[in-house]
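A short worksheet on the structure shown next.
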């Protein structure tokens, strides 16, 4: 036996184990957060199926003349061009009505909810929390129920006995009954504002949260200086709540442009088709009518929806560009 070879084999190093391939940061992240991803999976799947895929699909069909099932005719940008050619007159009416509604409803809604929050933002009134709950309770009513309720309250008929309660109140004060939804101009917009009062409590809650985050020391310093309640409201409360004002402004503008559901529940599926241009025939209603009332027009309806998105993006961009009045605190400057 060769002793040398035996000794060499004895001291021979064992073969090195193959080094495992180092995991990428993404794989480490998945492994370390496996449980979290598992719990979030239903939400992410729902987001993908009910939001992301429909958005991409709507962009795709906006280039087609289709009913979404078995009619597919390629149109390219013809659906978008149609808005400014064939439908130019109707789109002008629709956009004008939409912008008019935004210009009226957004300021009124913001001011109403802001003043309501300012009234209940005190500890001096006994039972103020009860008032807060009462103001918020209508927000728990579904939009459909609120719309149907207000529609019945604003009902206009030739028989005074079957008039809605709103018209009966007007007649009690010696005023003539209003046609509300069936009228033109300010009366039609006012009817929508009355309906939207049921959601004022949501804005009130947001304002109250902004008020509670204001440093109490500012009010104490103002008290030492002898400032009145009105002066404190103008010089402290409003400036320090500008971030919430800006947030509510953005959300109100977006919601007003998209305003459709309550309007359809209140006036029926085809408002604005009976005359050259009724005040309630807005962009969201036109999208609904085009999609569900005109055969094979789902592609054009999708193009209208993307046109609405472009308007929202443009207005939001303008608001952000002009948001220097928003005060986020000295640390954020």
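Glycine is no exception: its Cβ is also placed from the backbone N, Cα and C atoms.
Caution: TrEMBL annotation is automatic and unverified by curators.
For the ranges 167-187, 188-208, 209-229, the feature annotated in TrEMBL as transmembrane segment maps to 188-208.
Range with TrEMBL annotation transmembrane segment, chosen from 13-36, 37-60, is 37-60.
TrEMBL lists transmembrane segment at one of the ranges 279-299, 300-320, namely 300-320.
Spatially, the transmembrane segment (188-208) is not adjacent to the transmembrane segment (37-60); fewer than three Cβ-Cβ distances between them are under 8 Å for residues at least 6 apart in sequence. With a threshold of 8 Å between CB atoms, the same-chain residues lying at least 6 positions outside the transmembrane segment (133-151) that come near it are 116, 120, 181, 191, 194-195, 197-202, 204-205, 261-262, 265-267.
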